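Asks: Just dropping this structure here.
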Amino acid sequence: MKTVVFAYHDMGCLGIEALLAAGYEISAIFTHTDNPGEKAFYGSVARLAAERGIPVYAPDNVNHPLWVERIAQLSPDVIFSFYYRHLIYDEILQLAPAGAFNLHGSLLPKYRGRAPLNWVLVNGETETGVTLHRMVKRADAGAIVAQLRIAIAPDDIAITLHHKLCHAARQLLEQTLPAIKHGNILEIAQRENEATCFGRRTPDDSFLEWHKPASVLHNMVRAVADPWPGAFSYVGNQKFTVWSSRVHPHASKAQPGSVISVAPLLIACGDGALEIVTGQAGDGITMQGSQLAQTLGLVQGSRLNSQPACTARRRTRVLILGVNGFIGNHLTERLLREDHYEVYGLDIGSDAISRFLNHPHFHFVEGDISIHSEWIEYHVKKCDVVLPLVAIATPIEYTRNPLRVFELDFEENLRIIRYCVKYRKRIIFPSTSEVYGMCSDKYFDEDHSNLIVGPVNKPRWIYSVSKQLLDRVIWAYGEKEGLQFTLFRPFNWMGPRLDNLNAARIGSSRAITQLILNLVEGSPIKLIDGGKQKRCFTDIRDGIEALYRIIENAGNRCDGEIINIGNPENEASIEELGEMLLASFEKHPLRHHFPPFAGFRVVESSSYYGKGYQDVEHRKPSIRNAHRCLDWEPKIDMQETIDETLDFFLRTVDLTDKPS
């Protein structure tokens, strides 16, 4: 049986050996080049392949059409993946008639994603295992073919658990590979309601937060002990690594992070105390705890900190252009809720952010981005993170003012992007679900879906292509000049302060605000082309939480990523949105102040939006990148969002002239 193998690490080596022992013919092996910044304690797949006389490759992008074609020419019967670090696209998986199978180091559906070995230790699990599962488009989600459980002992650390997993993997493959070869396997679908997903870990994720319980910190030490980079802390600005530890149920009133004693080296935690058994100061040598205390100059009562003292006091500076807009003002509120952000904002108005103007960590200037270029360049240079949220994003303007849309949405934003490149600043750029255009995929996927728009004589697409071209420019700057970026694509976010009723009066608003205006004024709700177009509506609170996590960027997992932020469960047509809104309106305590409902009216899109408009029938996001990078999923039901949005706008209406 011919196979193509994707493999890396010790698991890759043992997987290859198991395939050969089971009589598989390996046509080619795809692996990775070693990362010079990573301690290579594991076997080399490339070396093993060379010794076995098997062609081996390490392309940067195995999913490139050229590599897909080369793999197709190998005509594999089956494909195997053993700890290959990149997602293998469906175009490759479909090449093998018998399917594709992946070896994963956890008891799926638990601990999907990256670094399950480390995560189970971080989380204090007592059991894990290995799973062989069928590969599908979604990572680690295919049916389970075989699974083997192993116990995690209290004294297990990352390397001992790694050895246990390797031993279990050998057993599992020896038992299962012959069955796959003969087409005699039983597959069990994963239970999605039990699934958990974790992202990649970096060395910076392993800092010791002393306010946490000692048991939690001890688990962190176990999870990243040598040969992993190690858990760490600071004495002032001096970094040190903790290689091994013990939990002490020490009842102390000392502040977390305080040194209780130096021999043994005991540190007060949020609950109990942690004994540092062995550690290392800076890039020095490993030593036992009391010697480490002496080297670091620690005495009883000394304080440790989770980050260097010189950086602990500095807040992250976030520049929000368009801070008074729907996303900008809600994001400002979320950032100021924390104590480690300083927000700088620019906009042409301040009505939505007036509640922040006296906040000590909020700095606002009223101005236009097309005029205040010097202020913007200075603040891009000054700040750490830049969010250029200024854009014309209302559909009627795409046909009414296409050149103004291009000038503001593309030209002005391109200038800001170039400032970020010039000063090497991180940019979080608001792409849009509009870039997918008339894509026919069931779920719009950031990495696979085609971006399809209409002909040039349909100016409705100028917003979509302006945003798409900026996405491509940012991506190119990231590839060629090292720009640190994340692109996020909101899918129909809605909530309080989405546009305003005055904007709706001239047609320059999003759907729900326009519908609320119709109810307030007693005018018919207009259903464009029947209102059958479906959208996935996302509560602003869910959207902002995802955006906040992008800004936090735990483990740098968001760098270079495109992330859809939407709620695929909240799919409804515009007609259904109108009906839900009407039902909420009729039950509202202020209902008697407003005119009778004037009904629904079907109108043609050309009469409403003007010549050159095209609509999209459906727009449903894949949110796998949001799961993977942010550990995020939307939680708020569409009805709750409708109720709160309606209530907000009704309470902004001057009721003095309304009937009672």
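In case you wondered, yes, glycine gets a Cβ from its N, Cα and C as well.
So Swiss-Prot says this about it:
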type: REGION; residues: 1-304; note: region 'Formyltransferase ArnAFT'
type: SITE; residues: Asn102; note: site 'Transition state stabilizer'
type: ACT_SITE; residues: His104; note: active site, proton donor
type: REGION; residues: 314-660; note: region 'Dehydrogenase ArnADH'
type: BINDING; residues: Asp347, Asp368, Ile369; note: NAD(+) binding site
type: BINDING; residues: Ala393, Tyr398, 432-433, Arg460, Asn492, 526-535, Tyr613; note: UDP-alpha-D-glucuronate binding site
type: ACT_SITE; residues: Glu434; note: active site, proton acceptor
type: ACT_SITE; residues: Arg619; note: active site, proton donor
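I'd like to know what surrounds each of these features in this structure.
Replies: Every protein chain shown contributes to the tally, and the Cβ of Asn102 (site 'Transition state stabilizer') ends up with 24 other Cβ atoms within 10 Å. In this structure, Asn102 (site 'Transition state stabilizer') is part of a beta strand by DSSP.
Remark: His104 (active site, proton donor) has Arg112, Pro116, Val130, Thr131, Leu132, His133, Asp140 as non-local neighbours, by Cβ distance under 8 Å and separation of at least 6 in sequence.
In sequence order, Ile348 make up the list of same-chain residues 6 or more apart from Asp368 (NAD(+) binding site) whose Cβ falls under 8 Å from its Cβ.
Taken residue by residue with DSSP, Ala393 (UDP-alpha-D-glucuronate binding site) is part of neither helix nor strand, so it is coil. Taking all protein chains in view, 21 other C-beta atoms sit within 10 angstroms of the C-beta of Ala393 (UDP-alpha-D-glucuronate binding site).
Around the Cβ of Glu434 (active site, proton acceptor), 24 further Cβ atoms fall within 10 Å across all displayed protein chains. When secondary structure is read from DSSP and collapsed to three states, Glu434 (active site, proton acceptor) falls in the helix class.
Applying an 8 A CB threshold to same-chain residues 6+ apart, the list for Arg619 (active site, proton donor) reads Ser433, Tyr436, Phe444, Phe491, Asn492, Lys534, Arg535, Cys536. In the three-state DSSP scheme, Arg619 (active site, proton donor) is classed as coil.
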Asks: Mind telling me which of the binding-site residues Asp347, Asp529 has the densest Cβ neighbourhood, counting other Cβ atoms within 10 Å?
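Replies: Its Cβ has the most other Cβ atoms within 10 Å: Asp347.
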Asks: Out of Lys526, Lys532, Arg535, which of the binding-site residues has the smallest number of neighbouring Cβ atoms within 10 Å?
Replies: Lys532
Asks: List nothing but the one residue from Ile369, Ser433 whose Cβ has the fewest other Cβ atoms within 10 Å; the candidates are the binding-site residues.
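Replies: Lowest Cβ count within 10 Å among the binding-site residues (Ile369, Ser433) is Ile369.
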Asks: Take the mean position of the Cβ atoms of Asp347, Asp368, Ile369, the recorded NAD(+) site. Which other residues of that chain put their Cβ within 8 Å of it?
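Replies: Result: Leu321, Gly322, Leu346, Ile348, Gly367, Ser370, Ile371, His372, Val390.
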Asks: Asp529 (UDP-alpha-D-glucuronate binding site) to Glu434 (active site, proton acceptor): how many Å between their Cα atoms?
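Replies: Given the Cα positions, Asp529 (UDP-alpha-D-glucuronate binding site) is 19 Å from Glu434 (active site, proton acceptor).
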Asks: Could you state the whole-number distance in Å separating the C-alpha atoms of Lys526 (UDP-alpha-D-glucuronate binding site) and Glu434 (active site, proton acceptor)?
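Replies: Counting only the Cα atoms, the answer is 22 Å.
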